[in-house]
Amino acid sequence: MSKIVKVIGREIIDSRGNPTVEAEVHLHGGFIGLAAVPSGASTGSFEALELRDGDKSRFLGKGVTKAVSAVNGPIAEALIGNNAKYQECIDKIMIKLDGTENKSQFGANAILAVSIATAKSAAASKGIPLYEHIAELNGTAFQFSMPLPMINIINGGKHADNNIDIQEFMIQPVSAKTIKEAIRIGAEVFHYLAKVLKANGMHTTVGDEGGYAPNLDSNTEVLDLITEAVEKAGYILGKDITLAIDCAASELFDPLTNKYLLKGEGKIFTSQEFTDYLNILTKKYPIISIEDGLNESDWDGFMYQTKVLGNKIQLVGDDLFVTSAKILQQGIEKGIANSILIKLNQIGTLTETMAVIKIAKNAGYTTIISHRSGETEDTTIADLAVGTSAGQIKTGSMSRSDRLAKYNQLLRIEEQLGKKAPFNGLKEVQSQA
């Protein structure tokens, strides 16, 4: 019943209007798994390769027909007849067939789409939800938790057409007792923030991830507006709601001068000065998580940043670790950061992703399952967060259906699991920071 009989790839459109890969895996007995992969805007240098056509006559060169052809050709031929229940085996077949370290032959977008579709088809054949199947694959059957969300409410950097340098300003509803309550709190603050922005004569258009994207003079002005919105929504900042930021500092780094540029504020920092600047922000505002606080290659700087901030807050590696077991292990050995952002398409298979989560947890690092700025309606990351008990999830704001699809899936999962999947709130962040 779990034997693969057909694999189909197709080119579909993501939330930015760019092509991406969707795959179907069909099993004997009529079971089907469907998966679509996302795409990032600010990407780490060592991510698995997202294969694009480069044909400027189609989608400005961003077509994915080569990746789709890989799915419909060599990948399909290699997988037909194999058992979809053996996820690791399926993923290893594709990795070996690709034959490159960064999946550049077929593209991580092709391989990941099939990897996830395989897991979904196997879950369907077993008659169980995807999160339950993932927990079984993870060796943690029937062990679930609901993730604390990082809700993006103001976009900047590469995710918005504005002058804000820091890429994401997020809230975490830490006083919530359930994911349902956390989402409600997030939505309320999101709406009150719109009122605050309008009252200050600012527009409320949104960026790639659904957060508002106004033009503001400084990062502190952003944080002050969020503070006002939280208070007007009836919550206490630092008690009910905490803050998180994604600096995406590789995008702020100037390799010619080895300096960090906040163009919106007209400020220039050395590596140590930028960490000191972030430290000042954490003292003024209840920021308990900072992602990519320095350039991905600034490991000496990260050692200093971890020394200064690592015992106080969560320091998240995204571009720093790119969901790579090898790079994460190096970071652990050097004592860099204390948390990792998990993005399926940075590594390219479900099996490798779960392995990285295990390595991080065993080292005492927190794990945050994440979307990308170019998303689809696929909700796999919600199931992955619950099935691996990752602890936290980052999937955008309270607008754009590509973001809300994941939140709504979490609501369904919580309804299904009830007390079997506790919502641990702030404990998920504090356990390592």
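Cβ from N, Cα, C; glycine included.
What you see is a predicted model, and the numbers here were worked out from it, not measured in a lab.
According to Swiss-Prot, the (2R)-2-phosphoglycerate binding site annotation covers Q167, K343, R372, S373, K394, on the basis of sequence analysis. Taken from Swiss-Prot, the feature active site, proton donor applies to E209. Taken from Swiss-Prot, the feature Mg(2+) binding site applies to D246, E291, D318. According to Swiss-Prot, the active site, proton acceptor annotation covers K343, on the basis of sequence analysis.
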Original post:
Inside 8 A of the center formed by the CB atoms of D246, E291, D318, which other residues of the chain have their CB, for the recorded Mg(2+) site?
Top reply: Q167, E168, C247, A248, I290, D292, V316, G317, D319, L341
**OP:** Tell me the Cβ neighbour count for R372 ((2R)-2-phosphoglycerate binding site), meaning other Cβ atoms within 10 Å of its Cβ, over all protein chains shown.
**Re:** 27
Subject >> When distances run from the Cα of E209 (active site, proton donor) to each of the binding-site residues D246, E291, K343, R372, the nearest one >> reply: R372
Subject >> Neighbouring C-beta atoms (10 Å sphere around the C-beta of K394 ((2R)-2-phosphoglycerate binding site)) >> reply: 30
Subject >> For D318 (Mg(2+) binding site), nearby residues of its own chain (Cβ under 8 Å, 6 or more apart in sequence) >> reply: G44, D246, A248, E291, D292, I340, L341, K343, S370
**OP:** Counting other Cβ atoms within 10 Å, pick out the least crowded of the binding-site residues Q167, S373.
**Re:** S373
**OP:** Would you work out the biggest C-alpha to C-alpha distance among Q167, K343, R372, S373, K394, the residues that bind (2R)-2-phosphoglycerate according to the record, and give it in angstrom as a whole number?
**Re:** 17
